[in-house]
Amino acid sequence: MAFRKETKIKSNFSKISIGLASPEEILENSSGEVLKPETINYRTYKPERDGLFCERIFGPVKDYECHCGKYKRIRYKGIVCDRCGVEVTEKKVRRERMGHIQLVVPVAHIWYFRSLPNKIGYLLGLPTKKLDAIVYYERYVVIQPGVKAEDGINKYDLLSEEEYLDILDTLPKENQYLEDTDPNKFIAKMGAEAIYDLLSTLDLDALSYELRHKASNDSSQQRKNEALKRLQVVESFRASRGRNKPEWMIVRIVPVIPPELRPLVPLDGGRFATSDLNDLYRRVIIRNNRLKRLIEIKAPEVILRNEKRMLQEAVDSLFDNSRKSSAVKTDANRPLKSLSDSLKGKQGRFRQNLLGKRVDYSARSVIVVGPELKMGECGIPKLMAAELYKPFIIRKLIERGIVKTVKSAKKIVDRKEPVIWDILEHVMKGHPVLLNRAPTLHRLGIQAFQPHMIEGKAIQLHPLACTAFNADFDGDQMAVHLPLSNDAILEAQMLMLQAHNILNPANGAPITVPAQDMVLGLYYITKLRKGAKGEGLTFYGPEEALIAYNEGKVDIHAIVNVVVKDLDKDGKIVDVMMKETSVGRVIVNEIVPAEVGYLNTIISKKSLRDIISDVIKAVGVARACEFLDGIKNLGYYMAFKGGLSFNLGDIIIPKEKEELVKRGNEEVEQIMMNYNMGFITDNERYNQVIDTWTHVNSDLSDILYKTIKNDDQGFNSVFMMLDSGARGSKEQIRQLSGMRGLMAKPQKAGAEGAQIIENPILSNFKEGLSVLEYFISTHGARKGLADTALKTADAGYLTRRLVDVSHDVIINEEDCGTLRGLVCTALKNNDEVIATLYERILGRVSVHDIVHPTTGKLIVAGGEEITEDIAQEIEDSPIESVEIRSVLTCESKKGVCAKCYGRNLASSRMVQKGEAVGVIAAQSIGEPGTQLTLRTFHAGGIAGNMAANASIVAKNNARLEFEELRTVDTVDEMGEAVKVVVGRLAEVRFIDVNTGIILSTHNVPYGSKLYAADGDIVEKGKLIAKWDPFNAVIITEATGKIEFESVVENVTYKVESDEATGLREIIIIESKDKTKVPSAHIVTEDGNLIRTYNLPVGGHVVVENGQAVKAGDIIVKIPRAVGKAGDITGGLPRVTELFEARNPSNPAVVSEIDGEITMGKIKRGNREIIVTSKTGEVKKYLVNLSKQILVQENDYVRAGTPLSDGAITPADILAIKGPTAVQEYIVNEVQDVYRLQGVKINDKHFEIIVRQMMRKVEIDEPGDTRFLEQQVVDKQEFMEENDRIWGKKVVVDSGDSQNLQPGQIVTARKLRDENSMLKRRDLKPVEVRDAIPATSTQILQGITRAALGTSSFMSAASFQETTKVLNEAAINGKVDRLEGMKENVICGHLIPAGTGQREFEKIIVGSKEEYDRILANRKNVLDYSEVE
């Protein structure tokens, strides 16, 4: 028995490597062999000797006490008992010491032949089926054909029992007695033993050479891919030279994990609870021992083979029970948990124990509001504090000499004697606590507070801290943690104190914004009322105004004039006569710092956020906190003074409601009449009805809003709550006193988009709903609650993936020195600005110098931060776009650099080295994800679609410019002549008549009617174009007669007739017969073809066969999907889809080149579209005929233009327009989803995630590098490898050289030396060629793929697919350098960010004297050297 070495791992390691375990290593780490399946003796409850819990192998069960009891107590430490062989030591060694089981026959490791990719199979070139047949003793495999090679038997051939016996019969007699090494001997075996022989005889270098040759020269793509797959496995073994041998994938010795990690616990009633692993180990041992016996008694081969197979299966179950088809089950039919299962999943070792540990010194309780707390304080119940600070109190008790021993001090604390409260007060000063509310969605979910002792049992929380925690006081609970060490206390105070975290890291806006009551109070006090008492008085200063108010001479809302301090235009504080203000506003301004000026506005939640922002900028965080406490107190006080509750009478129903509803009903009747007469289709009727009610509803809302706003000069309580932003939304008020409106229809699960019920709910909540109305609306309410529950999980999972992909992005250097950047412009949608240039460049770093275009003044130098003032200056200048540094173009090798990241939004200063920007980005994106999903049910399933806007109207006086416009002339319903647009790419630009600046650009849809011409100068409000919002149309461009082709009833079209109207409609359906393609030809009178139009699936044909049509007539209407109620339920999956870089379900076909369109033939239900560029390059695309084709013959398209309807896939954008375009696309698309919900998140967070998605490249041509074709490698690694071979030479012919072989890569210098030596001896010199670098293509990975592809295997394994990741890592002999957060948390190290940065580890802080002494010495040395 090989004895183990003492291996104590130091905790200051800097990397972890993983590899296959060799049998020698397993023995080295083992403390002895487990020979018996027994666990413990049923009578004595002591472990059996040589069993699974044996004390001799694993160590004693009790501290310092051997099995037989001969040696007890610590003084015998280290002695091995002579009677029972147990070493006397502490019992915790039973958590560390391993044992082993020596198997009689080798078995294959299930990870390497059962999981895909099949490693052993790839190495040997055997398919999984055949490999299974060998491993499970069903077939023999030929290991060495020997003399049988002539009979056509080759290595790796599989033989059945009969074939094997036949061969043995025909073998020459002496063949069996030859040595195994003799090449003539025939050898065939079965089981893992055979695999072992095959693997150990592999020549990896030769195999690698052969496969490389195959991969580069094979004509068949399939064989080429096969070769590349095998090559990857071969290369992994070659790369981890010596550390991994292929034959180690076959297990000869099974390690047994320490007994404490698979415990056996006695329950009451004489039964035991045991870990599943013990069962699995027991089966292995029993089968192994039985096999030993069978071999000893020379049992027949059949029996042995069966037993060997059972042993293989037992070991399989032990390693990975979930992978087997017939998993081992318990009596209760539950599969046993194997070693792999204990690592996997949420309950596995990684996520349960290594990444989520429980913490001592913690408490939890319900929270209540603490309105009199200051910022950064919280109230902790007395009893809780005494328990939390116990060790500190004990220490103080002993220090003060009140007690002598710790034990008696404990008693005093437990009895809560009065003396401890005084000590507790003292101990708590300057010792903050951390408060945490679950779910902790972002870093503000844990903050530090200075505790105050309070009576009661609930924790008091500062009301302004609620937003960050997303807490309310309806029974939420919070956990308290106590930082113990001095470092921890310091970090809590400096970095985590609530008063220091008043900005939201997601967008830089203040997060400590008063809400609800406070806002209402401030709004009320700053509101003006005409005709109030004391109106028009003038006061010489705030004091006088307050005296007048207190004496009751002037009302708090009265409009008065006061002399106050305000800022002049240079920003100096001066006295100003403020007209039109009120006493309330004076009171508020007493709290506002003078540096901000005088606020003479009404305060709502929105304006309050800006005010707080300004205060922080003007006077810094410390004084901003005082200001916040001031307005908190004032707000609460005024909400109470104003008595701002509302009653039923405050909910006003506008008189106009009846009129509007009547109008709506009349319009709907008219629509029904049109339908019954057959003027419109059922679909159009439905759309128009929905449209009518949507309009009625929005008109009613406007009137209602005006009514309530004018009630009591706007002092209506309901209106004040709404207008101040304290509570409620326009939607809710509309439902209370307008009408509930349209509701969504109950939908089957998985159906796309909600339909809308066309009968609206005309009542509101004040009038009360009828039974039917109530029933309709319950659906929405319930759906909301169900969605919430389901979506929370999705949002949480999104956050987890985001963190996993970006946790290693840390600011690692000041400046990476890149010259690249992103061009940033204001984001516009048509002509409304979504994000201004100011917002997008603020806090970023400029790439180049920015100079004012007219004055030539330098605004900001390259490499400098764009501050608020600079951004404003750029915004005001005519500059349209700015090139800024971005993490997308950062060239740091690890993490990103400070200049590319820009400003840290949580502190408004440039980001510091060591900031964990990746995790912050992930939290900023994930946190609102949960919020968004929780926001569905408030509208109660109300159909939230706006009335379709289907026209272009001039918003200013401007000149029109059309581009790519193709039209035909026709007449509209009124018989007026109009032009109809028939080009797909038409755009109209509105140009300012005076300056020539483009005001806005609009896309003019196909089928629009034009009411203006190119170059017209139009007035504001003029209609330019309008189109049918409900139907996409196909319009004929030629005049002639219709001729249908392949339009066959019930094959390519179906007829829908309407019972109500008796109207028949032809609707094109998808045909089973792909040769039949429905189309409409336009022919002349004499039958010559002019144009052909395809009829897309789902189109309603509105012309008859043989009908005469003129240019501009509609042939087909394709109903647009309308009435889809938008919900973030669509939003969250969209975000996931973008971050996972998934292709949409119906992708558009996109042109890859600029060129002209020609329509080709129809092939198998696809229409061929040919794009020919000006250079003569031709690309052909096949578009499914069920799709609508967006281009027409002779159109000129740009690269990236969609040819058919559908979404463009990110992969297409990357391939056609390049990486920058796809990065911008993903960032903007995700931003759109969040913007729709009114969530502001800074672009840089999305950029970090997208950067992580674009880390990898795929090798196209490996050249002379070590890469393989199609291999996916890190961009950084790729560049380094190319740099490595740059300028080197590859030997083509080694000539007479002894040192160099063909194919070897050498430096030019080595080559020169070698050749000059050969020349001197008149020998043939070496011939070389230049080394060829690899080429690659940038790829876009989804966040899951990117997280699994990280360089750290520990991070990947703790994320998903644990076994697969570890499996790959082991074969590659990977080394984890512990650069990210997760790896370090798993190892129990400080994270390499913030105060845990690695360079801080080596810093030694000495005393001031020492420093002075060193300086003095240095000065002496310098002086001395000068003298010399």
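Cβ atoms here come from the backbone N, Cα and C positions, even for glycine.
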> Can you pick which of C625, C816 Swiss-Prot lists for the same Zn(2+) 2 site as C890, C897, C900?
Replying inline: C816
> Tell me, how many other CB atoms lie within 10 A of the CB of C84 (Zn(2+) 1 binding site), whichever protein chain they belong to?
Replying inline: 16
> On a count of neighbouring CB atoms within 10 A, which of the binding-site residues C66, C81, C890, C897, C900 is highest?
Replying inline: C900
> With a radius of 8 angstroms around the mean position of the C-beta atoms of D472, D474, D476, what other residues of the same chain does the Mg(2+) site pick up?
Replying inline: I367, A471, F473, G475
> CB neighbours of D474 (Mg(2+) binding site) within 10 A?
Replying inline: 6
> Relative to the Cα of C900 (Zn(2+) 2 binding site), which of the binding-site residues C66, C68, C84, D476 has the closest Cα?
Replying inline: D476
>> With Cβ-Cβ distance below 8 Å and at least 6 positions apart along the chain, what are the contacts of D476 (Mg(2+) binding site)? List them in sequence order.
In response: V366, I367, R437
>> Between D474 (Mg(2+) binding site) and C81 (Zn(2+) 1 binding site), how many Å separate their Cα atoms?
In response: 64
> Which chain-mates of C816 (Zn(2+) 2 binding site) that are at least 6 residues away have a CB under 8 A from its CB, listed by sequence?
Replying inline: C890, E891, S892, V896, C897, K899, C900
> Between the binding-site residues C66, C68, C81, C84, which lies closest to D472 (Mg(2+) binding site), Cα to Cα?
Replying inline: C66
>> Excluding near sequence neighbours, so keeping only residues 6 or more apart in the same chain, what lies with its CB under 8 A of C68 (Zn(2+) 1 binding site)?
In response: C81, R83, C84, V86
>> Neighbours of the Zn(2+) 2 site C816, C890, C897, C900: Cβ within 8 Å of the Cβ centroid, same chain, sequence order.
In response: E813, D815, T818, R885, V887, T889, E891, S892, V896, A898, K899, Y901
> So which other residues, same chain and not among C66, C68, C81, C84, have a Cβ within 8 Å of the centroid of the Cβ atoms at the Zn(2+) 1 site?
Replying inline: E55, H67, G69, K70, Y71, D82, R83, G85, V86
> With every protein chain in view, how many other Cβ atoms are within 10 Å of the Cβ of D472 (Mg(2+) binding site)?
Replying inline: 12
